[in-house]
Amino acid sequence: MSELQPIFDRLYQGQTISREETKALFSEIVEGKMDPVAMAGMLVAMKMRGETIDEISGAADALLQAAKAFPAPSEATRTQGIVDIVGTGGDGHNTINISTTSAFVAAAAGAKVAKHGNRSVSSKSGSSDLLAQFGIDLTMAPETARDCLDDLGLCFLFAPHYHGGVRHAVPVRQALKTRTLFNVLGPLINPARPDYMLLGVYDPMLVRPICDVLKALDVKRAMVVHGSGLDEVAVHGETLVCELKQGEIVEYYLSPEALGLSRAAISDLAGAGPAENAEITRAILQGHGELAHTEAVAANAGCALYVSGCCDSPQQGTALALQTLASGKAYILLQQLASASQSDNLGTN
């Protein structure tokens with residue numbers, strides 16, 4: 001710890017630190033070596049000044065290096081490229097599970113989706129809460145998850161299963177009761193290291209910085225979005241987008257109408273607990289969900305299909321997602337994944 005003291009001193013003086021220095025600090029955290037008081041001081045110092053691109057990237061580097069390894073997928077999967085559909089959470093709205101449901105649709109439409117998720121942060125039902133309702137084994141072995149990705153086009157990676165070291169920060173984060181750098185790290189530390197990302201953030205001020213971070217982390221293509229209060233592509237208002245493509249970042253707004261969708265009220269997307277949200281997801285994936293639910297999922301799946309190269313525009317992606325939902329293929333995929341996650345046919349638990 002003593003050799004890191006000069007880094008702490010610079011933080012306390014309001015100075016920025018490098019990507020490598022931040023990586024060193026966060027490596028201490030995930031190895032359980034950092035004093036909780038020092039950890040709190042570090043996180044608050046960064047928060048008060050505002051975390052830099054290098055600092056967020058360095059923290060992600062440390063957590064990815066410490067994570068349980070995800071086995072290399074097949075050559076076909078690597079050639080096509082992997083996409084994640086993920087949000088920071090913490091937007092304060094308790095909506096249905098849009099990004100999780102969208103993952104099934106994007107995969108059923110042809111994308112290779114490795115979704116990294118956790119239990120709920122702000123809503124009554126997070127990604128893993130929902131999946132457990134469908135009998136999807138969240139603690140499946142990494143080899144089983146890899147086989148699901150190769151064979152079915154979809155796997156879910158439960159964050160605590162891969163990032164055990166993050167538990168060392170939990171007491172400090174709970175005691176601070178405020179957002180810190182950890183609140184934006186979750187979407188950045190997918191152990192499958194996706195090539196493409198649709199990433200929703202809880203604050204419009206984060207859209208550009210997080211896109212810069214994805215570029216620094218060598219993500220090939222991405223859309224970072226904030227949809228009128230939600231960490232999703234919105235159907236109730238405009239979505240602010242920063243798109244990363246071929247090393248360039250462009251910023252624009254996307255409306256529901258531009259995607260060929262009707263505008264809904266945000267109240268139409270209200271979620272409930274895991275059991276109720278599971279029934280909502282089941283209805284959507286079977287092709288008879290409520291219009292606002294179906295279109296919200298199609299918008300997000302459609303943008304994921306676009307960013308992963310399956311379609312030439314978000315509009316085309318959304319149309320393909322709607323066709324996929326109407327066919328019921330996404331629900332069949334859910335059933336296949338539940339079966340595969342619990343069986344030894346694709347790997348060992």
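Every residue, even glycine, has its Cβ placed from backbone N, Cα and C.
Positions annotated as 5-phospho-alpha-D-ribose 1-diphosphate binding site by Swiss-Prot, on the basis of sequence analysis: G87, 90-91, T95, 97-100, 115-123, S127. According to Swiss-Prot, the feature anthranilate 1 binding site maps to G87, N118, an assignment based on sequence analysis. The annotation Mg(2+) 1 binding site is assigned in Swiss-Prot to S99, E232 on the grounds of sequence analysis. The anthranilate 2 binding site annotation in Swiss-Prot covers R173. Marked as Mg(2+) 2 binding site by Swiss-Prot on the basis of sequence analysis: D231, E232.
Here the features listed in Swiss-Prot are painted onto the structure.
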residue : record                                              : DSSP (3 states)
G87     : 5-phospho-alpha-D-ribose 1-diphosphate binding site : strand
T95     : 5-phospho-alpha-D-ribose 1-diphosphate binding site : strand
H116    : 5-phospho-alpha-D-ribose 1-diphosphate binding site : strand
R173    : anthranilate 2 binding site                         : helix
D231    : Mg(2+) 2 binding site                               : coil
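Spatially, by CA atoms, the binding-site residues G87, T95, S99 include one closest to D231 (Mg(2+) 2 binding site), and that is G87. In terms of local Cβ density within 10 Å, S99 ranks first among the binding-site residues T95, S99, N118. Counted over every protein chain shown, other Cβ atoms within 10 Å are most numerous around H116 among the binding-site residues H116, R119, R173. Cα distances from G87 (5-phospho-alpha-D-ribose 1-diphosphate binding site) to the binding-site residues N118, R173, E232 are smallest for E232. Considering only the binding-site residues N118, R173, E232, the residue whose Cα is spatially closest to the Cα of T95 (5-phospho-alpha-D-ribose 1-diphosphate binding site) is E232. Reported as a whole number, the C-alpha separation between R173 (anthranilate 2 binding site) and R119 (5-phospho-alpha-D-ribose 1-diphosphate binding site) equals 16 Å. Taking the Cα of E232 (Mg(2+) 1 binding site) as the reference point, the closest of the binding-site residues S99, H116, N118, R119 is S99.
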